[in-house]
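Student: Quick paste of what Swiss-Prot says about this protein:
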type	residues	note
BINDING	46, 53, 54, 55, 111, 116	ATP binding site
BINDING	208, 222	Mg(2+) binding site
BINDING	273, 330, 331, 332	substrate binding site
DOMAIN	9-253	domain 'ATP-grasp'
């Protein structure tokens with residue numbers, strides 16, 4: 001689960017990390033009020049979308065007016081810029097060419113920057129450890145730095161048996177090139193970030209840029225946080241952040257139903273159990289010349305209610321021209337799942353082509369139930385067969 005920058009900054013502040021003062025605004029009046037609450041101009045207006053590259057982005061409706069992050073000199077300019085940003089679609093290197101609508105802004109104080117750094121924490125799958133990634137060269141061009149100057153990227157893994165220790169903080173300070181009092185601030189900041197990361201079950205905590213101000217303070221100016229969806233049950237307050245800030249109502253509905261759903265740009269809706277199987281299904285759809293419309297994992301113990309919810313979510317996307325169900329019945333019985341598919345197909349009156357591939361526990365009974373249902377459900381013997389059939393079906397109906 002991802003959250004917006006304004007939520008990330010507030011969460012870090014609650015966990016003892018000093019951040020640049022700022023307030024969220026959902027309309028022009030709130031933007032003006034937010035600026036009035038800050039100490040003094042200049043101000044920074046930051047578009048709140050769940051994508052990076054905002055500073056170098058542009059608004060689809062007004063590509064020459066400026067990017068998604070703007071520096072303004074007074075409150076009158078806050079009002080003018082908020083009017084030109086809210087409700088428009090911000091296009092960045094991480095969005096499609098349609099962009100993402102900006103529904104919220106973060107108004108912050110501007111800081112005088114002496115140096116910019118990059119600092120993040122993530123779960124390193126190769127080492128199985130929480131790892132700091134640090135670079136003395138932060139800011140909007142960090143991707144270029146990583147590509148052209150990999151020696152400027154430093155990784156510090158934390159042994160879970162010992163946790164964060166003072167020497168880790170010193171290693172991070174040296175990696176960033178800090179000195180003097182700012183070095184001490186860096187050690188304290190790293191310890192606070194590690195504690196926030198581990199106690200909140202984060203999967204990514206990225207500070208870019210982390211800045212040293214002209215008056216010698218070390219402050220996060222921007223923060224990106226992702227959480228482990230499987231641990232959200234331990235953090236209802238954090239789960240509420242995702243529900244309040246969800247940019248896609250279908251993703252919010254899926255989360256509430258216990259489903260993992262991500263909307264994509266294709267035309268074939270996918271319903272699969274297991275993330276690995278889901279990715280394999282999406283790959284083979286592309287291999288046969290079409291694109292998946294979504295990633296949807298119903299999990300290992302999908303009930304009839306979950307299956308029905310999954311179909312509702314998939315069919316709510318008008319770009320879906322056909323549906324491929326690919327289920328391996330291990331814990332889940334294929335005959336029970338088939339009953340759920342049949343019930344959902346009847347309840348929702350599915351009119352797009354539906355191909356179902358079942359394998360595993362009680363697979364023969366499941367296939368028999370689908371065939372005898374009287375519904376236009378196309379069964380498949382394996383994943384390749386399923387992909388061929390759904391691609392052929394949507395092209396035939398096009």
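Cβ atoms here come from the backbone N, Cα and C positions, even for glycine.
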Student: Three-state secondary structure of residue 332 (substrate binding site) from DSSP?
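Tutor: Reduced to three states, the DSSP call for residue 332 (substrate binding site) is coil.
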Student: Return only the integer: C-alpha distance in Å from residue 332 (substrate binding site) to residue 54 (ATP binding site).
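Tutor: Distance (Cα to Cα, whole Å): 43 Å.
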Student: Any idea which of the binding-site residues 116, 222 has the thinnest Cβ neighbourhood at 10 Å?
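Tutor: Selected from the binding-site residues 116, 222 on minimum Cβ neighbours within 10 Å: 116.
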Student: Reported as an integer number of Å, what is the Cα distance between residue 54 (ATP binding site) and residue 331 (substrate binding site)?
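Tutor: A Cα-Cα distance of 44 Å.
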Student: Pick the one among the binding-site residues 208, 273 whose Cβ has the fewest other Cβ atoms within 10 Å in this structure.
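Tutor: Relative to the other binding-site residues in 208, 273, 208 has the fewest Cβ atoms within 10 Å.
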Student: So which of the binding-site residues is most packed in, judged by how many other Cβ atoms lie within 10 Å of its Cβ, out of 111, 331, 332?
Tutor: 332
Student: CA-CA, which of the binding-site residues 55, 273, 330 lies nearest residue 208 (Mg(2+) binding site)?
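Tutor: Closest candidate to residue 208 (Mg(2+) binding site), judged by Cα separation, is 55.
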Student: Cα distance, residue 330 (substrate binding site) to residue 53 (ATP binding site), nearest Å?
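Tutor: It is 42 Å, counting Cα to Cα.
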Student: If you measure every Cα to Cα pair among 46, 53, 54, 55, 111, 116, the residues listed for ATP, what is the largest value in Å?
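Tutor: Answer in Å: the longest Cα-Cα distance is 20.
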Student: Going by Cα-Cα distance, pick out whichever of the binding-site residues 222, 273, 330, 331 is nearest to residue 55 (ATP binding site).
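Tutor: Looking at Cα distances from residue 55 (ATP binding site), the smallest one goes to 222.
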Student: Averaged over the whole of the domain 'ATP-grasp' (9-253), what is the pLDDT?
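Tutor: Result for the domain 'ATP-grasp' (9-253): average pLDDT 93.
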Student: Restricting the comparison to the binding-site residues 222, 273, 330, 331, which residue's C-alpha is spatially nearest the C-alpha of residue 111 (ATP binding site)?
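Tutor: Closest by Cα distance to residue 111 (ATP binding site) among the binding-site residues 222, 273, 330, 331: 222.
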Student: Rounded to the nearest Å, what's the C-alpha distance separating residue 331 (substrate binding site) and residue 116 (ATP binding site)? Just drop the number here, would you?
Tutor: 50
Student: Express the distance between the Cα positions of residue 116 (ATP binding site) and residue 222 (Mg(2+) binding site) as a whole number of Å.
Tutor: 11
Student: Between the Cα atoms of residue 222 (Mg(2+) binding site) and residue 330 (substrate binding site), what distance do you get, rounded to the nearest Å?
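Tutor: One finds 44 Å between the Cα atoms of these residues.
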